[in-house]
């Protein structure tokens, strides 16, 4: 008798059309499975199940939405009870790797060779990265709230954050500073693909939201000043009313 293989109590998706499914394959015996076809598009729901991770990684680099659906919905646990824990761990790892990337880009600076200045410089880099990514996340979520044409729950926002964190994997690889902006553009496009997979919105809207978040991250001082002025203006206006 056949047995359906399910991802706990969660719902998986077809990587081709994004339709929700209860299972991706039927297991007859250990090592003997049959992949399920999607009732909506009639294609194999997730052929990546039988692929090596290197193939999946190549398709992620090529920005294939199918690979992102497989990674985000059929490999990672979005609906599990500990999703907040997953988000916190992902965020901390994201910040740590981003700080390491920035530190490596500045390692040729003479000051970094002075051991007495190493810890202050590390602290400075981490605080700079922390501030930049806080601005990035705030603008991303604000853009999602304003411009995504669908009702979103707290879990939906967490899904989007996790998708963006995962799709930023390429930025932690070590590259010479000469190609920094090329890598940042690649990360931007990866974020846009993951954002589109998570929200099912049109490409131009997803690119616009992610571009705004990245721009705010690099212009964080101006953004911080603008937000401060805005809130003080609101407070003054409310007080005068």
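Every residue, even glycine, has its Cβ placed from backbone N, Cα and C.
According to TrEMBL, the feature transmembrane segment maps to 86-105, 125-142, 154-173, 179-197, 218-238.
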Hey, which bits of the same chain come close to the transmembrane segment (179-197), Cβ under 8 Å, at least six residues off its ends?
18, 60, 63, 65, 68-69, 72, 105, 160, 163-164, 166-171, 173, 203, 206-207, 209-211, 213-214
Taking a Cβ cut-off under 8 Å, which residues six or more beyond the ends of the transmembrane segment (125-142) line up next to it in the same chain?
94-95, 98-99, 102-103, 106, 157, 160-161, 164, 209-210, 212-214, 216-218, 220, 223-224
